[in-house]
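Participant: Below are the features listed in Swiss-Prot for this protein:
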- H16, D175, G176, K177, K251, F252, D260, R266, K267, A283, K287: ATP binding site (BINDING)
- D18: Mg(2+) binding site (BINDING)
- E44: K(+) binding site (BINDING)
- E57, Q100, D260, K291: L-methionine binding site (BINDING)
- 100-110: region 'Flexible loop' (REGION)
Amino acid sequence: MSRRYLFTSESVTEGHPDKICDQISDAILDAVLAADPSSRVAAEVVTNTGLVLITGELTTQANVNFIQVARQKIKEIGYTNADNGFSANSCSVMVALDEQSPDIAQGVTSAQEQRDKLSDDQLDEIGAGDQGLMFGYACNETPEFMPLPISLAHRLSLKLSQVRKSGELPYLGPDGKTQVTVIYEDGKPVGIDTILISTQHTETIGALTDNTEIQAKIKADLLEKVIKPVFVGATVGLSDSTKFLVNPTGKFVIGGPQGDSGLTGRKIIIDTYGGYSRHGGGAFSGKDPTKVDRSASYACRYVAKNIVAAGLAEKCEVQVSYAIGVARPVSVMIETFGTCTVDEDRLLEVVQKHFELRPAGIIQAFDLRNLPSQRNGRFYQDMAAYGHFGRTDLDLPWERLDKVDILKQELATATVA
């Protein structure tokens, strides 16, 4: 008997309060690393009505105007009208950054292996910036090897922002959320059950002042300008039974930091796989690549994606764990949920042979310190909204499939009978 179930993932637009904070944190990271690639950064941001607070730890030789960076990012997102309670030009921006603890710095700068063995291996010079566990995931549900629910939710959120910024739907505000419920049968997506969009909007739309008429127009416009375009060419499409919910509270005029406070690192499931895979709990934004919450999660995605792309599994989850100041992972685990076509013990051996999972090795393989300067001062901030994985609009090193051939070659004789 086939098993039928529903799975839901959500996304938010770049104007969501928490995502404003993530983007400012990563804009600061970009600016600092572009000027001094060896910087240590842990930038946290809080927003509320008319207020931005930048806090955290920072060790750098760079001279960065953090207030200017924050205002520019807020303007780019679309908060330019003080009448909305939050504006790039009028909000207060406070900065309270401390230097990184020397107790942490000594462990990150000189790994425990090097101190014990006096090794000259440069990849052992940088230990993990903290203890912890990280996950990466990939599956064959979409061309970008992402779970379908989060892929669709992100595409809807991005399209929602695009039609606002282009002026196609000028009455939309920057704040918004999307949610997609996918129908599965025997683990395969077969349909779309529900699409939910909540979007900030103006009090009136043209001559329309009645809220019932306003909400009807918003729903009709979003169906034609946002939802249908996202599903063009989709392998799983809309149907007559698909439910569409738009602004189900009835109104969404007050939004952004005026409607809700924001904080860096509160959208970690949206940043990753939409709840489809496990999560180690660590956020990404505002953290330099010595923080394994970020860099090791990217490496795990790289491993999982290449495994699935090589046809070795239909879905793959990779976990690593670290001890602070120690370069080599404490543990590495690969889970393929019964879909692996080769011996899993042999697969783990090959992964550990060909994928660099030490923090310094990850940084070197992906060039994580230098990408901000190489890309005109912006790299991390472009992932701070709409996800860090499966981004076909960005050139992300952990999304490359350059390990597929070596995996196939090494595992050609390890096929499970």
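Each position is counted from 1, following the chain as shown.
Glycine is treated like the rest: Cβ placed from N, Cα and C.
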Participant: Of D18, E44, K291, which is closest to G176 (ATP binding site) if I measure between C-alpha atoms? They're all binding-site residues.
Facilitator: D18
Participant: Find the shortest Cα-Cα separation between K251 (ATP binding site) and the binding-site residues D18, E44, E57, K291, and name the residue that gives it.
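Facilitator: Of the binding-site residues D18, E44, E57, K291, D18 has its Cα closest to that of K251 (ATP binding site).
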Participant: Cα-Cα, whole number of Å: K291 (L-methionine binding site) versus E44 (K(+) binding site)?
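Facilitator: Here the two Cα atoms are 14 Å apart.
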Participant: Where K267 (ATP binding site) and the residue listed as 'K(+) binding site' are concerned, what is their Cα separation in Å, rounded?
Facilitator: 13
Participant: Can you check what DSSP calls E57 (L-methionine binding site), collapsed to helix, strand or coil?
Facilitator: strand
Participant: Write down the Cα-Cα distance for E44 (K(+) binding site) and K287 (ATP binding site), rounded and given in Å.
Facilitator: 9
Participant: In which DSSP state, out of helix, strand and coil, do we find K287 (ATP binding site)?
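Facilitator: DSSP assigns K287 (ATP binding site) to strand.
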Participant: For D260 (ATP binding site), which of the listed binding-site residues (D18, E44, E57) have their CA atom within 10 A of its CA?
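Facilitator: Taking D18, E44, E57 one by one, the ones whose Cα falls within 10 Å of D260 (ATP binding site) are D18.
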Participant: Between the Cα atoms of E44 (K(+) binding site) and E57 (L-methionine binding site), what distance do you get, rounded to the nearest Å?
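Facilitator: With the alpha carbons as reference points, the distance is 9 Å.
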Participant: Across all the protein chains here, work out how many other Cβ atoms are within 10 Å of the Cβ of H16 (ATP binding site).
Facilitator: 29
Participant: Which state, by DSSP, holds K251 (ATP binding site): helix, strand or coil?
Facilitator: coil
Participant: For K287 (ATP binding site), what is the tally of other C-beta atoms lying within 10 angstroms of its C-beta?
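Facilitator: Its Cβ shell of radius 10 Å holds 27 other Cβ atoms.
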Participant: Could you round the CA separation between E57 (L-methionine binding site) and D18 (Mg(2+) binding site) to a whole angstrom and send it over?
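Facilitator: Counting only the Cα atoms, the answer is 19 Å.
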